[in-house]
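Q: Next up is a structure, given as C-alpha cells.
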Amino acid sequence: MKTKAGFVALIGKPNAGKSTLLNTLLNAHLALVSHKANATRKLMKCIVPFKDKEGYESQIIFLDTPGLHHQEKLLNQCMLSQALKAMGDAELRVFLASVHDDLKGYEEFLSLCQKPHILALSKIDTATHKQVLQKLQEYQKYSSQFLALVPLSAKKSQNLNALLECISKHLSPSAWLFEKDLMSDEKMRDIYKEIIRESLFDFLSDEIPYESDVMIDKFIEEERIDKVYARIIVEKESQKKIVIGKNGVNIKRIGTNARLKMQEVGEKKVFLNLQVIAQKSWSKEEKSLQKLGYIYQRNRD
C-alpha cells in the first residue's frame, strides 16, 4: 500500500469556519464550534484519512489553530504564539477565509508566512454564485503566492474532496504516523473540557464575555462511565450569577447539553459535576494561564 502522511496547519481569522470544517471531515464532534469569535484557544491535532487519485492512502494530520488576531492581552498572545508555531512546524498550511471576508486577513497571513500553502474559500453556501466568483477573482492577484485556491462549504460538504486531494498531492510519501482509526491524539479530558466550553457559549455567548474558561479538576475514566468534575471560570461575581441562572436553570442546561455531547464522543455514560467560580483577571495572570495549559502549550517544543 502506498502511503503519505504529514502535518497541515489550518489557519484563518476568527470565525472562518476551521472547527466546522474539521468536524465535517472527521464526521465527529471534536473541535469546538461557536459563533463567538476566538472560541478555539488551543492547538488540536485532528487526523483525517484520505485515498487520493494516485492511489496513495494519506494520513492528513490537521493542526486546528486559534484564529489569527493581534491583541495585547496575555491570553491572546499565547493563542497567537500557538498559531505561529503551527505554521512554522507544519509541512503544509491551509488558510481558510470566509467568502464574506475582505482580503486583509489573507494579506496579514502572507506577511507572517511565506511558506507553501493552499487558500480555501469557506461558507460558499451562504453566498450567491456571482459573489463567490467575484471573491475568487479578487484573490487571483495573489495567485503566485498560493498552491491552489479551493472554494468549499463545510456545512454542505461541498468540494471537501477537492481540498483533501490538493493537500494529499503536496504531501511527501511516508509511513502513517498514527494508528489507523485514531481521529485525534487529544486526551479525552481535554476534549471534554472543550465540549463544556462549547455548551457555555451555546447558551450564554451574548451574556458571558470572552474571558471565561473551564478547568477539569478531576477525571475518572472507568470502563462503563467517565466521571468529570469541572469548574467554569469567569472574572466577576455578576458573571457567575448569570452562568448559574435563577434557581440554577442555566448551569443545569449547560451541564445537560455538555454531558450528552460527551457521551456521544466518549461512547459511554458520563457523570458531570459542574461548578462555577469567579476569579478576577485570570486571563491576564501568567500563573492562571499556566494552570489552564496555555503558557505550557506556548512554550513547549
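Just so it is clear, glycine is given a Cβ too, placed from its N, Cα and C backbone atoms.
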Q: Swiss-Prot tags one of 26-29, 90-93, 122-125, 202-205 as region 'G4' - which one?
A: 122-125
Q: For which of the residue intervals 38-42, 98-102, 113-117, 253-257 does Swiss-Prot record region 'G2'?
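A: Among 38-42, 98-102, 113-117, 253-257, the range Swiss-Prot annotates as region 'G2' is 38-42.
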Q: Among 12-19, 52-59, where does Swiss-Prot put the label region 'G1'?
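A: Comparing 12-19, 52-59 with Swiss-Prot, region 'G1' matches 12-19.
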Q: Could you check which of 64-67, 156-159, 184-187, 236-239 is flagged in Swiss-Prot as region 'G3'?
A: 64-67
Q: Same chain only, please: residues at least 6 beyond the ends of the region 'G4' (122-125) with a C-beta under 8 Å from a C-beta of the stretch. Say none if there are none.
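A: That would be 12, 16-17, 21, 96-100, 132, 151-156, 158-159.
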Q: Mean pLDDT for the region 'G4' (122-125), as a whole number?
A: 97
Q: Rank the binding-site residues Asn15, Thr65 by the number of other Cβ atoms within 10 Å of each Cβ, and give the residue at the low end.
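A: Ranked by other Cβ atoms within 10 Å, the binding-site residues Asn15, Thr65 bottom out at Asn15.
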Q: Around Lys18 (GTP binding site), how many other CB atoms lie within 10 A of its CB?
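A: Other Cβ atoms found within 10 Å: 27.
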